[in-house]
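Single-structure report; data block below.
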Amino acid sequence: MKETKHQHTFSIRKSAYGAASVMVASCIFVIGGGVAEANDSTTQTTTPLEVAQTSQQETHTHQTPVTSLHTATPEHVDDSKEATPLPEKAESPKTEVTVQPSSHTQEVPALHKKTQQQPAYKDKTVPESTIASKSVESNKATENEMSPVEHHASNVEKREDRLETNETTPPSVDREFSHKIINNTHVNPKTDGQTNVNVDTKTIDTVSPKDDRIDTAQPKQVDVPKENTTAQNKFTSQASDKKPTVKAAPEAVQNPENPKNKDPFVFVHGFTGFVGEVAAKGENHWGGTKANLRNHLRKAGYETYEASVSALASNHERAVELYYYLKGGRVDYGAAHSEKYGHERYGKTYEGVLKDWKPGHPVHFIGHSMGGQTIRLLEHYLRFGDKAEIAYQQQHGGIISELFKGGQDNMVTSITTIATPHNGTHASDDIGNTPTIRNILYSFAQMSSHLGTIDFGMDHWGFKRKDGESLTDYNKRIAESKIWDSEDTGLYDLTREGAEKINQKTELNPNIYYKTYTGVATHETQLGKHIADLGMEFTKILTGNYIGSVDDILWRPNDGLVSEISSQHPSDEKNISVDENSELHKGTWQVMPTMKGWDHSDFIGNDALDTKHSAIELTNFYHSISDYLMRIEKAESTKNA
């Protein structure tokens, strides 16, 4: 009886939080719509794309492997049922509507900095020469502060005009962010069911600079690659008519004494994720109301951990926290980093769940959403260290964290990302990282830290009131904090510009297995835009519809927060299309088929109202990942025998 009451309490609270989120987001979207729809004010020449498929493209699309999840009751897909192509759509007549710029004034929370005239995001074009190479100069350039650029009022007028009219613009491609993805199409290997490791002959043991691997060719006019723009015609049926089995978060199950996996599984949550002691009582991030995935995998015989890192911080800070979560010790964000961005150098102290984690004792990382970016940056620091921290220590002396020294390869066996915005998301570009949303979110996080209600992991920004500090002094110190317009935040790292900086900094490790899982929960309309599927988690509908209407057609299919093209792989890194039976590949992104009907929350079961995906379907999805990781261990043990 007590357990049932606990279950209902958690579900009601979850629904209430979701409803509140929708109302707040909707109000912000209506009031600050001019700010939320950031587009270039200058007219750009767009390259028309052929929407119709050629017969060759059609054949290629149908040969793409399909995701297969091991379910208790297998469902068969009728391959004979092809999607009926829509007739050519006549272009809607263009209507000119004059809209005055929004006259709304942004109200700043009481604890916010007095005036924010310069937003943290910038409308700055990254030179192609910079994108084409990751030289030492470009690395140093990204270390420096970049001055914000003011957006003109004409931007707002154009954005509001776009919202008020039904004008259909020709499909276009953003040359800054999409041309590399067009030129870097997936390779489709033959799937023969073998598990032998296939290492690219071009891959060498020593890591080579990324500028030797990037195609520097200029973008050229191409037909839209069907596999990258819209959901494929054939998908494994992921929906289920069964209602989800609601389960309360039980007591933690201990790891097995003799686990099946030699290398532990480490799950890393994304933005606004709460795990462990910082989670609300009864909250279960990995599995939601459907299953406790950690306990489920431990009962199945796997050594499994759920990392707990900051919910709002930047990938740098989250990567550092992930390191100390595993190794133990007091978090050191770095002397150079903390001085540059204006926050405290040291954070919380972790006990350490894998204190013996070192070269030769690797782990498997599985990251959802922003967690995938965090993992990639941590792996980079393990191998190469942080050049800025090394230079600072050489100049000023003092202590430097072992993480920033580098030289720690062979600590990661595999990296698996789920719905990760490797190339950023328009949801952060045009909504999340706008001044209004930043101020509301950080003010709430600051108040929660002050009251001790919710730990957003931002105490290094001084959100916690000091002993003996008056309330007046505390409010003044918070108002003068650099957090309000800083780029050292999760919201900035999730923008396309912030993600591009991470992509330029990191590179593939030839000794690691990489894999990505992607969902799409939108469908194309007669006007060529994408709207949310029926049943999408309702807090994602607003952003899902917004992303589905952006100018760049390649970015429209999405899972409610992340575009399909962003989740598949970093834009400038090697990739290959695979399915569950494909042979294993090191040093390249193994891209699984897009999972139709899966939104951003479905992958972690965090939609209490979802009836499309059952608990068994969710657990089977993670069992398929576990099977893949065990195949890797078997292949590695055979190779080393």
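Residue numbering: from 1, along the chain as shown.
Note: Cβ is positioned from N, Cα and C throughout, glycine not excepted.
Swiss-Prot lists Asp599, Asp602, Asp607, Asp610 as Ca(2+)-binding residues, and of the candidates Gly528, Gly535, Gly548 the one it assigns to that same site is Gly535. Of the listed recorded positions Asp559, Asp599, Asp610, the Cβ environment within 10 Å is emptiest of other Cβ atoms at Asp610. A 10 Å radius around the C-alpha of Ser369 (active site, nucleophile) takes in these recorded positions out of Gly535, Asp599, His600, Asp610, in sequence order: His600. Other C-beta atoms found within 10 angstroms of the C-beta of Gly535 (Ca(2+) binding site) number 17, with every protein chain shown included. Note: the Ca(2+) site is recorded as Gly535, Asp599, Asp602, Asp607, Asp610; in the same chain, Ala521, Met536, Glu537, Trp598, Ser601, Leu609, Lys612, His613 also have Cβ atoms within 8 Å of that site's Cβ centroid. Take the CB of Asp602 (Ca(2+) binding site) and look out to 10 A: across all protein chains shown you find 29 other CB atoms.
The DSSP secondary structure for Asp602 (Ca(2+) binding site) is helix. All chains included, 28 other C-beta atoms sit within 10 angstroms of the C-beta of Ser369 (active site, nucleophile).
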